[in-house]
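Quick look at what TrEMBL annotates:
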type: SIGNAL; residues: 1-23; note: signal peptide
type: TRANSMEM; residues: 278-300; note: transmembrane segment
type: TRANSMEM; residues: 342-368; note: transmembrane segment
type: TRANSMEM; residues: 374-393; note: transmembrane segment
type: TRANSMEM; residues: 414-435; note: transmembrane segment
type: TRANSMEM; residues: 447-470; note: transmembrane segment
type: TRANSMEM; residues: 491-524; note: transmembrane segment
type: TRANSMEM; residues: 530-556; note: transmembrane segment
type: TRANSMEM; residues: 568-589; note: transmembrane segment
type: TRANSMEM; residues: 601-634; note: transmembrane segment
Amino acid sequence: MAVRTPLAFHLWISVSLLLFIHGHCFYLPGVAPQDFQKGDLLMVKVNKLTSTKTQLPYSYYSLPYCRPKTIVDSAENLGEVLRGDRIENSPYVFKMREPQMCNVVCRITLNAKTAKKFKEKIDDEYRVNMILDNLPLVVPIRRLDQESSIVYQHGFHVGLKGQYAGSKEEKYFIHNHLTFTVKFHKDTQTDSARIVGFEVKPFSVKHEYEGEWSDKTTRLTTCDPHAKRTVTNSESPQEVEDKKDIIFTYDVEFQESDVKWAYRWDTYLLMADDQIHWFSIVNSLMIVLFLSGMVAMIMLRTLYRDISKYNQLETQEEAQEETGWKLVHGDVFRPPTNSDLLCVYVGTGVQFFGMILVNMLFAILGFLSPSNRGGLMTAMLLLWVFMGLFAGYSSARLYKMFKGTEWKKITLKTAFMFPATVFVIFFVLNALIWGEKSSGAVPFGTMFALVFLWFGISVPLVFVGSYVGFKKPAIEDPVKTNKIPRQIPEQAWYMNPVFSILIGGILPFGAVFIELFFILTSIWLHQFYYIFGFLFIVFLILIVTCAEITIVLCYFQLCSEDYLWWWRAYLTSGSSALYLFLYAAFYFFTKLEITKPVSGVLYFGYMLIASYGFFVLTGTIGFFACFLFTRLIYSSVKID
């Protein structure tokens, strides 16, 4: 792709947005439509083998499938490499709008080792993924409950297990004949066509032929284009055993379709249970809006009454009998214990928040469509790196407010603490994947690129942000802090820090957990997730919920004359991450069929990283809400 000048880039963005607003379809760079004339070559590419049982991807040629003369890797972006995609060319080559029948790809003879490999992959329910004109291969399956409804499954199974009639012994059968259907949308003026669908029906057939085998001249008796004999399910299947010959064949047919190129992804992105999805999101919205209304009403009424009561001219006796949050005004802005650590976590949370917000806006505008494989992951990494600027700035500003002087120390901690923790977990998981010889293992070059992004771009940006933040004048407290800390009275059982922190996390988790089910399903059951509009609404609900629950609990805490709110504000909404991790464990045991210990470790390792990120994000939202709230209420009362 040609390098655009900044001006051209801005123009391109503006034009794209204008087209988007007017409701026209616009094409993103790298995913422009390709027109094919009759007879043009169509190259099928192969991608990784995937399994929801093991979660370990393998490259297509890790199994002894038919190979082209030379295997050529397609250039993968950072996101694709991290996802384990390995896109390569294949011996499957079609000619546009020219149906082919019973094409022989190759014949292989299994030995004990290759037969074992195939059997293992069939056992673990691995699927073969292919790509044609950037569209993934799907297997259409009719739903039993609805006649007209078709569900698309990604890729076809390597094979299946079964028994011969009258036998108890379980045998392994391989899918060695593929019937491809390429759907195209024809342009009536130019007679060119665009590909809008790529489907397959896999069969297991024990192919037979007469005479000696020759790659060029042998005619199969089980499937013959001259006799118009096609492969059907009634044929005897091809067994996977040592010293067995397997002949790989395929048919390809072309179907004209009314679907326009711009809408070709719609069939892939249709949710099978979209009604549940709509209902649950509306449900979640209603609950949260109701809670928000109640919280806002309580806060406004109670606070308004408190402030007006405090600001009336009181007699000396009334002033002495004063209770509630005004009493702790001399201690409420006293820096907390481990204030350095709090600054680091708040900075990291700002970085996370910025990354997710910008990423979602890009996704809503359609810049991260699933046709741009790995785009989401790449965007997240790059945004994380550039948001280091805001992380440094916010942690340094808070540090200066706490009367800190060593800004370089806090900057280093902000730049290294969260990424180093995640990197260590990631490195251990990667070593496990590498030990399984999976294509999901991140190669050394990519690992180097990640380290470069972190040390070469992120760390300097955190320093720049910190420098700017520390140069700014310190944030002034609305009230003076006393020299001697005040005694905190004995608290009621329900104001116990652990109890109130755990209660605080339930509401934010409740706001997102239904959406979380769909996200987990898309990640671990290899389905597309493309409802970013909904996700954005849920994200806004999460922000509101975290802020409100923290403010309410913070208010109750100050009313009971406990002024140690800094850490508690962070942990109250941050504790929702604990529920997220527990839900992930529940999901693992109820929805996934993972049997391999390595795959289980991978699942919990990645979910631990996700929960840690969620903790930092929700904790920071709660902290800032409480920070603004305390400043607001203490600046609105008169203090003698």
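The count begins at 1 with the first shown residue.
Note: Cβ is positioned from N, Cα and C throughout, glycine not excepted.
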Same-chain residues at least 6 beyond the ends of the transmembrane segment (530-556) whose Cβ lies under 8 Å from its Cβ atoms:
269, 271, 277, 281, 284-285, 288, 291-292, 295-296, 298-299, 302-303, 325, 356-357, 360-361, 363-364, 368-370, 495, 500, 503-504, 507-508, 510-512, 515, 518-519, 565, 568-569, 572-573, 576, 618, 621-626, 629-630
Contact call for the transmembrane segment (342-368) and the transmembrane segment (491-524): at least 3 Cβ pairs under 8 Å, seq gap 6+:
no
Ranked first among 374-393, 414-435, 601-634 for CB pairs under 8 angstroms with the transmembrane segment (491-524):
601-634
Could you give the residue numbers and ranges of same-chain residues that sit at least 6 residues beyond the transmembrane segment (414-435) on either side and whose C-beta is under 8 angstroms from one of its C-beta atoms?
56, 343-344, 347-348, 351, 388, 391-392, 395, 441-442, 447, 450, 454, 458-459, 462-463, 466, 598, 601-602, 605-606, 608-609, 612-613, 616
What parts of the chain pack near the transmembrane segment (374-393), using Cβ distances under 8 Å and only residues at least 6 beyond its ends?
76-83, 85, 347-348, 350-352, 354-355, 358-359, 362-363, 367-368, 411, 414-415, 450, 453-454, 457-459, 461-469
